């Protein structure tokens, strides 16, 4: 036995019961009772009418089995190393006192400055003295080749 579903209320319609309504766009609506048909034709919203299946489903009515709440897993925090520093180095740096950290920083800055100064001195020593600049008028490469230069 094939049962239909009421288009408005969601009730079952048994064979030889109910009415069929075909709209202008050829969409078929089936109604179990004239009450359902009347409310549909009045353009009532079945979600707002308390006895319809759509309303009951929307407002979670009549659900006998209570679904157990899903247990969410607790996020576990892990410490991981960063590129250039493993976990032990990070832990050692965290446990270091502020004074020791400042002292290490100043030492590193002084070392970098000394290296920079040494590099500058080396650069000055290796610089060869330039050849004396001639006082002749400056001529571009194109003019030397003789192309369009004298116009």
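In case you wondered, yes, glycine gets a Cβ from its N, Cα and C as well.
Here the structure is a predicted model, which means the values were calculated and not measured.
Noted in TrEMBL for the protein shown:
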COMPBIAS  101-111  compositional bias 'Low complexity'
COMPBIAS  112-127  compositional bias 'Basic and acidic residues'
DOMAIN    1-66  domain 'Large ribosomal subunit protein eL24-related N-terminal'
REGION    101-151  region 'Disordered'
DSSP-derived helix, strand and coil totals, residue by residue, for the compositional bias 'Basic and acidic residues' (112-127): 15 helix, 0 strand, 1 coil
DSSP helix/strand/coil residue counts for the compositional bias 'Low complexity' (101-111): 11 helix, 0 strand, 0 coil
Tally of DSSP helical, extended and coil residues in the domain 'Large ribosomal subunit protein eL24-related N-terminal' (1-66): 17 helix, 12 strand, 37 coil
